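Written below as structure tokens is the structure these notes are about.
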Amino acid sequence: MASISWVLNSLFSILLLTQRVNSESTAEKQALLTFLQQIPHENRLQWNESDSACNWVGVECNSNQSSIHSLRLPGTGLVGQIPSGSLGRLTELRVLSLRSNRLSGQIPSDFSNLTHLRSLYLQHNEFSGEFPTSFTQLNNLIRLDISSNNFTGSIPFSVNNLTHLTGLFLGNNGFSGNLPSISLGLVDFNVSNNNLNGSIPSSLSRFSAESFTGNVDLCGGPLKPCKSFFVSPSPSPSLINPSNRLSSKKSKLSKAAIVAIIVASALVALLLLALLLFLCLRKRRGSNEARTKQPKPAGVATRNVDLPPGASSSKEEVTGTSSGMGGETERNKLVFTEGGVYSFDLEDLLRASAEVLGKGSVGTSYKAVLEEGTTVVVKRLKDVMASKKEFETQMEVVGKIKHPNVIPLRAYYYSKDEKLLVFDFMPTGSLSALLHGSRGSGRTPLDWDNRMRIAITAARGLAHLHVSAKLVHGNIKASNILLHPNQDTCVSDYGLNQLFSNSSPPNRLAGYHAPEVLETRKVTFKSDVYSFGVLLLELLTGKSPNQASLGEEGIDLPRWVLSVVREEWTAEVFDVELMRYHNIEEEMVQLLQIAMACVSTVPDQRPVMQEVLRMIEDVNRSETTDDGLRQSSDDPSKGSEGQTPPGESRTPPRSVTP
């Protein structure tokens, strides 16, 4: 009986705990929904009410997902005033980052409930009002950055309540009055470009001049020494009590002479005082003019949009730096496409460690690892001729394309000097690297089933671009076919041709361009089909279209294959790595016929892309998975049906009609 009672009590306790966790999660979820519903935002966060808040973009929970510990929404286009009763209800929050948005108004007083908060980043917004008193009650705060806003009034002495604070960034606001003596263990401190005056307290004098620059009336510490223009000079002995001196020496000076001396001395003093005031006003006017000409934010490093290999930096929670983009980069922000899964901004990209993945005809691709661990690919375009409006219009079209075999555009950036595209990172790499990588003894060959899978999934992606999106790819090649670990592919670098000038002809040695593109310098759906046909030949032969060993100098891959087939040496066409697999000759010949139809020199004789896809799927034989793709087998002793073939089963491939 006692054991039953213990079990019932345990179950009751678990039920109460579960109910409590659910209520806490529901309350925090509702707080976030309240925030999102009352704050307009340019980039849709697409928080699904039916999903757990812990799975939403920018939201991180604790290990058991009972409470929200981090909310990061930098550069997400948030506009307006934070509603009371929203974020202030996230009482377990540790990190809050709303930087680089257009949030305005005063900070809600219920922010004082965020007593567990350690890092608060609100820089580069339009917040106003005096220093929020709610901040001084956040005793666990370590980093506070409210720089580049419109805060006014004095900096309160109660900042000293934040005993754990190591970084305080208040620059580029309208704070005025004297600096309070802040006796905290600050490592980073910045109040530049405000209206502060008076002397810098000794407790803050250890920081560099850059921390205080832009405050004209601030002095002391690392700045100029404080001086008073109204200190009376030591009086001359000749003017000390002249009447007494005269009387002691029994001077014969008359009273009129004494009065004249006093008046003259007063006039000289007034002239000196007027001169000092004139010099003071002149100096102040010059300082104001210099400050007016100084671009804001001053004292903050402006960073060029460059991702050099090996660049790196520490996490936001560690640095808390208030890097301003300034000028054009402030006006041209990173634009996220609809349905994006990322929440970072241009500043994050600039601080990311970067590695060059490759250089192509349209630009250079970098692997960028952001501070929170997210990995993306940043393509830096070159020689873009499109205007900003044309660029943005084309990116809106590209950004709407969603398909499992088309890599999605996540974000883009346009400025006069830089054009950037952001994509998902595919760790398996490209078809080019997999097919033409080192062919030494340590290489794992790409078997036939995986080559068929690559051909089908790439065809599906390209057919979607042509049929559903009505978009010409324009740059199909093996390096633009990216792979998932299961050998499914994603087509990349699509729809970019309209951004570049047609004045320069494509490089014929590239090997993928249709003959008519060399003449018209325009890509079409049929030229895409030609390029895809070259890609199929590449899968079949194992040869790169750029490979010099195709025979005659200047011969391309389609002509080389055609010359071999005409001599009825069809077997010589196929990649030697495929010769170890049995019972696949018929499929290889069928795929070769499809490829040769695609690379017809007459555009009208080429099939449309959806027909190409249908033909490739027909080649795919009986052993299929649920998605219509065959299971891969790396065992060359097994036939394509999974059976061990007899030793004499290999038959010569049938001929291909040119």
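Each Cβ is built from the backbone N, Cα and C atoms, and glycine gets one as well.
According to Swiss-Prot, the feature ATP binding site maps to Leu357, Gly358, Lys359, Gly360, Ser361, Val362, Gly363, Thr364, Ser365, Lys379. Look at Swiss-Prot and you will find 619-638 tagged as compositional bias 'Basic and acidic residues'. The feature repeat 'LRR 4' is assigned by Swiss-Prot to 139-164. The repeat 'LRR 5' feature in Swiss-Prot is assigned to 166-183.
Everything Swiss-Prot records as a feature, shown here on the structure.
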residue: Leu357; record: ATP binding site; contacts (Cβ under 8 Å, 6+ apart): Ser365, Tyr366, Lys367, Val377
residue: Lys359; record: ATP binding site; contacts (Cβ under 8 Å, 6+ apart): Ser365
residue: Gly363; record: ATP binding site; contacts (Cβ under 8 Å, 6+ apart): Lys379, Arg380, Leu381, Lys382
Three-state secondary structure, which DSSP defines for Ser361 (ATP binding site): coil
Other residues, Cβ within 8 Å of Leu357, Gly358, Lys359, Gly360, Ser361, Val362, Gly363, Thr364, Ser365, Lys379 Cβ centroid (ATP site): Arg380
Fewest Cβ neighbours within 10 Å, where candidates are the binding-site residues Ser361, Ser365: Ser361
Model confidence over the repeat 'LRR 5' (166-183), averaged pLDDT: 91
For the repeat 'LRR 5' (166-183), the number of residues DSSP places in helix, strand and coil: 0 helix, 8 strand, 10 coil
